[in-house]
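Here is the structure we will look at.
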Amino acid sequence: MATDYYAVLGVRRDASQDEIKKAFRRLARELHPDVNPDPKTQERFKEINAAYEVLSDPQKKQVYDLGGDPLSQSGGGGAGGFGAGGFGNFSDIMDAFFGTASQRGPRSRTRRGQDAMIRVEIELDEAAFGTTKDIQVETAVVCTTCSGEGAAPGTSAQTCDMCRGRGEVSQVTRSFLGQVMTSRPCPQCQGFGTVVPTPCPECAGDGRVRSRRTLTVKIPAGVDNGTRIQLAGEGEVGPGGGPAGDLYVEIHELPHQTFQRRGDDLHCTVTIPMTAAALGTKVPLETLDGMEEVDIRPGTQSGQSIPLHGRGITHLRGGGRGDLIVHVEVTTPTKMDPEQERLLRELAKLRGEERPTGQFQPGQQGLFSRLKDAFNGR
């Protein structure tokens, strides 16, 4: 026997097919000309290919084990086993380098559709408590005329005569390794294996048409501006009647004339006169839950905040609600009649806050003096 193919692959004579294949893969990675251009390595690569061609084929292996020449029965020659009988191992070469054999067969016309997105505007109270919205969407749907097939009624897709339904065409080229077969998608059917001679007049062969429809969307309480709600299977229908993608509803919360939202809390400002701030009062306020009275305690200062617990936005996850924070702004009068000014001076005098003439103390101002400076814009 001229060549010991078992020794070439480095396996025992009783090695299993799995062991033979693993040995070939390992050597192919090491000795492939693209990895190692040494001429001696190229010869070695041809040897392992010839050995694998024989030992991976049960019939050829049996002839070889009995002392015959299995390659003489292959009907061809070619360098290194890449002759007419050697194409069966080309996928194993590809598998050794890319981890999988080259894909065969036509690709499917049926594919998943694209996702779609639409923006929906809601009011603040709808975001706080949740709501439902009817929305108009326009997406691709299955053509009812051809049921998504793309062919005109009474006709059907035909097997491509160029690739004979394989979806790819092959050609043989010669290299230093011998003959090599390469494949590419069929240019006539774009790799599908079928052609549509008479396209559907409704969808022009696409299998889909655009359609407007109404969907009801449930918007949960607590959604924030920019939140996206996923509606599975409500997006674009895929080519060839494939499954539809998803529809994403993006929430856009409109500004409110009274409240500003910060997370799940709401903020607003109430304005009261200085007398109300000094004496205390109750201020009516329209909240999301209806009319309520905000208790302003005596001595409240401008800029002070009063929380109304549980009057904010519903928590999206978990129970409860945020707070409504009321910010107090105290105003002082800009104009007073003589009687009002007299009374205010009297109050300042009673409180010891009126500044006596000729007794100025740096850094100290009474109530009336501070108010007067405010009136004059100082």
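Cβ atoms are placed via backbone N, Cα and C, with glycine included.
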With the ranges 295-322, 351-378 to choose from, which does Swiss-Prot describe as region 'Disordered'? 351-378
Cα-nearest neighbour of CYS146 (Zn(2+) 1 binding site) within the listed binding-site residues, CYS160, CYS163, CYS186: CYS160
Cα of CYS163 (Zn(2+) 2 binding site) to Cα of CYS203 (Zn(2+) 1 binding site): how many Å, rounded? 26
Between CYS203 (Zn(2+) 1 binding site) and CYS189 (Zn(2+) 2 binding site), how far is it from one CA atom to the other, in Å? 18
Separation of alpha carbons, CYS143 (Zn(2+) 1 binding site) and CYS189 (Zn(2+) 2 binding site) (Å): 21
